[in-house]
């Protein structure tokens, strides 16, 4: 019995470590700064997390499959600019949003095709897509923001359905659907299989190339929708939107527990990672810690997470 307790305790600690850290951050920042637990700040944290979680949900599909998508910020930027331009030119909001999300999916398919058909490394392909989409966004706007977007468009980012912000409801729907797809469908099992070993997955009959197109398309959809929600909340389309997203969101996904090597992790891991990073950034800002030190803290946390994951993988191989 005593041996079983010793065996289970470390596993439980690893399993729930992210929740323990989140709880610790909440207690620490609440004691250090009373504004941290104010209703206004909690609402702000929830709003900030919601959009990042939507984008992270799509990127998690890619990471579980053993690839990476660093184009998410550029795709969000370009598609939000497209939506803004269409709305300013008089197109219906629904049409503008659908067109923008469609282009997000197209960007994902192109990235997936470069990787699947032409054997581009995923980092190279998505870096090229990031530069392409950011460049297009600046060309379309001459580097200036598209402002004066109508109030009817801003409802998506600022409105409420009862007591709950609309963007939070959108996030909950996407998280539930993404989780069900990953854990309850054949498609989800294929993604885990590809992340575990793409060659074995291919030999077992999985069309790996086709799957890459699909999960990069999903990432593009989510990035575009997240960019549109941010634009709706700000009331303007910014050609600089999403510049820091690749580092911020992908780091949060890994810190949350999704393996950088692929084959393991869940949407909830990504959700908890985003919440942790949002709490950390918000708390440090309230304490007056500048953004440079915040970046240092984030980088250290990411490195520690990767080292811990490496040690855990090494231990599993030895066992």
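All residue numbers here begin at 1 and follow the chain in the order shown.
The backbone N, Cα and C atoms fix where each Cβ goes, and this holds for glycine too.
Marked as transmembrane segment by TrEMBL: 12-32 (among others).
What TrEMBL records for 44-63 (among others) is transmembrane segment. Same-chain neighbours of the transmembrane segment (44-63): 69, 72, 76, 122, 165, 167-168, 170-171, 174-175, 178, 182, 191, 195, 215-216, 218-223, 225-227, 229-230, 233, 245, 248-250, 252-254, 258-260, 262, 265-267, 269-271, 273-275, 278-279, 282, counting only residues six or more beyond its ends whose CB sits under 8 Å from a CB of the stretch.
For 70-87 (among others), the entry in TrEMBL reads transmembrane segment. Using a Cβ-Cβ cut-off under 8 Å and counting only residues 6 or more beyond its ends in the same chain, the transmembrane segment (70-87) has close neighbours at 55, 58-59, 93, 95-97, 99-101, 103-104, 107-108, 111, 123, 126-127, 129-134, 136-137, 140-141, 146, 149-150, 153, 219-220, 222-224, 226-228, 230-231, 236-246, 249-250.
TrEMBL lists 93-116 (among others) with the feature transmembrane segment.
Here TrEMBL flags 123-146 (among others) as transmembrane segment.
Counting residues 6+ beyond its ends, the transmembrane segment (166-192) has Cβ neighbours under 8 Å at 46-47, 49-51, 53-54, 57-58, 60-61, 64-65, 155-157, 159-160, 201, 206, 211, 214-215, 222, 225, 229, 232-233, 263-264, 266-268, 271 in the same chain. Annotation source TrEMBL lists transmembrane segment at 166-192 (among others).
According to TrEMBL, the transmembrane segment annotation covers 213-231 (among others).
As annotated by TrEMBL, transmembrane segment applies to 243-260 (among others).
Tertiary proximity for the transmembrane segment (267-286) is limited to same-chain residues at least six positions away from its ends with a CB under 8 Å from its CB atoms, namely 18-19, 21-22, 25-26, 28-29, 32-33, 35-36, 41, 44-45, 48-49, 52-53, 56-57, 59-60, 175, 178-179, 182, 248-249, 251-258, 293-294, 297-298, 301. According to TrEMBL, the feature transmembrane segment maps to 267-286 (among others).
When Cβ-Cβ distances below 8 Å are used as the criterion, the transmembrane segment (292-311) is approached by residues 247-248, 251, 254-255, 259-260, 277, 280-281, 284-285 of the same chain, each at least six residues removed from its ends. As annotated by TrEMBL, transmembrane segment applies to 292-311 (among others).
When each of 12-32, 93-116, 123-146, 243-260 is scored by its Cβ pairs under 8 Å to the transmembrane segment (213-231), the top-ranked stretch turns out to be 93-116.
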